[in-house]
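Feature annotations, reproduced from TrEMBL:
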TRANSMEM  6-23  transmembrane segment
TRANSMEM  35-55  transmembrane segment
TRANSMEM  61-84  transmembrane segment
TRANSMEM  152-174  transmembrane segment
TRANSMEM  180-200  transmembrane segment
TRANSMEM  300-322  transmembrane segment
TRANSMEM  342-360  transmembrane segment
TRANSMEM  381-398  transmembrane segment
TRANSMEM  424-450  transmembrane segment
TRANSMEM  462-483  transmembrane segment
TRANSMEM  509-530  transmembrane segment
Amino acid sequence: MAERMAYFGLSVNMVTFMFYVMHKSFADSSNAVNNFLGISQASSVLGGFLADAYLGRYWTIAIFTTIYLAGLTGITLCATMKVFMPNQDNCDRISQLLGSCEPAKSWQMLYLYTVLYITGFGAAGIRPCVSSFGADQFDERSKDYKTHLDRFFNFFYLSVTVGAIVAFTLVVYIQMEHGWGSAFGALAIAMGISNMLFFIGTPLYRHRLPGGSPLTRVAQVLVAAFRKRHAAFSSSELIGLYEVPGKHSAIKGSGKIAHTDDFRCLDKAALELKEDVINPSPWKLCTVTQVEEVKTLVRLVPIPACTIMLNVILTEFLTLSVQQAYTMNTHMGKLKLPVTCMPVFPGLSIFLILSLYYSTFVPLCRRITGHPRGASQLQRVGIGLAVSILSVIWAGIFERYRRNYAISHGYEFSFLTAMPDLSAYWLLIQYCLIGIAEVFCIVGLLEFLYEEAPDAMKSIGSAYAALAGGLGCFAASILNSIIKSVTGNPKKGQPNWLAQNINTGRFDYLYWLLAVLSVINFCAFLYSAYRYKYRSEQKHGNDYEVMENKLYDSPI
């Protein structure tokens, strides 16, 4: 909750902080924040690797959450001490519109970017490990294990949503009433409190032992398969597929995995030839379980890859919709909501859906699908992707209406002036739709990756989801850069789609482009989901079970 509170608190407030305080353009500010969002998620692969290979999830969380706190402290100093900010004298609204305010010095921006990206890097050990570490606390031998796991991931995402809601409301209020330093300081204090609570719980935790470097095991399989690429499965030199004897796998923290028939080229890494009988090298002969680990990782890739498009839409909504809201009336009766509070509505819709999930959605879907939990994990991901398409289609329709309204009512060049007769609450439709999409897609994906990932690679599996989120953020930045470079014609005075003046730009064209890409992506997901087979559907022998006391150990 604290990490996501900081993540969303920075994603919304940092754009306006850079524009109003550091005097950067909206486009540059949005790209910097998109890069922060990307680093926060893409670096999760590193955190997942360290957790599975060497540190374990507990120590990975402990180290990286401390880095996160250090980054937030640095950002707070930047917003508090005048030495880190450009001169604010003679910088009124007109000067900001004209871009004539004194720009930040290069070293000031370097400091801000450094502490911002340190904060993003700190998420590397939080994103892939917290959900997996929480799921590790449940006993796999319990008959209610899957039910408890399902409820845990929903509760986990509910906590994440509460963090987002606090970021979009309380943190925004603190910023308006007490300034940027207090707002960013509140995020640092929240992270500090969460760290303290995490360490207090240390004696209570169950710990899955790290299983050695998963990347080394993957590399060994690839090298061994390449070295034996010419070996035939019918060779007279073939003894069989190699596996260690007994109940337990050679990989610490992992049970044995039964052989499957796909990706046969990788099976060559486990071909035991007569020459391998004496002291076989792990770079020439791997166990069936080791080969099946790699196969599983490869099988999983298409599913999180198909969620990258959803994360592109989420990233664009976080930054572009704030610019839309600046041109509209944010009054709700006599109450005027700050523009930066607008993204709270997806969080509220997520909170409502998760609260009603078991009482409404599961019974309704159970009648339709016959599935005991209402819908399978991949069905939930598919529902989320379908709803995300609806959200971006509506965004395109409304933005076209908003732009035409601004031009016809004389607001074409007043892009920071709110139009009193056009309510910003029309944005709630796209916000709520993307909130619904996020619930079904991300929660289903997290549960899917945890259950389907190999035993000794759970954090790597969870990192897939965060990596998809990070790639979505980077893809949004790249897409924005391409659009700015290929659209518009400066010589003819024609602005690009993402012009700083939103009323002369064409945000609606961007939304239509996202809609087309989302439809193509959804078709790819349907194909990938149709071909995927759950681990529970594959045959596992009794010899491949592992005793609980080998998987877990109480010492840290």
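Keep in mind that glycine also has a Cβ here, set from the backbone N, Cα and C atoms.
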Who are the long-range neighbours of the transmembrane segment (61-84) in its own chain, taking Cβ under 8 Å and residues 6 or more past its ends?
-> 3, 6, 10, 17, 21, 47, 55, 108, 111-112, 114-126, 129-130, 133, 179-181, 183-185, 187-188, 191-192, 194-195, 198-199
Could you pull out which residues elsewhere in the chain have a CB under 8 Å from any CB of the transmembrane segment (300-322), counting only those six or more residues past its ends?
-> 11-12, 15-16, 30, 33-34, 37, 41, 339-340, 342-343, 346, 378, 381, 384-385, 388, 391-392, 395, 427, 430-431, 434, 437-438, 441-442, 445, 448-449, 452-453, 461, 464-465, 467-469, 471-473, 475-476, 479, 507, 510, 514, 517-518, 521-522, 524-525, 528-529, 532
Of the stretches 6-23, 35-55, 152-174, 342-360, 462-483, which racks up the most C-beta pairs under 8 Å with the transmembrane segment (180-200)?
-> 6-23
Most Cβ pairs under 8 Å to the transmembrane segment (152-174), of 6-23, 342-360, 462-483, goes to 342-360
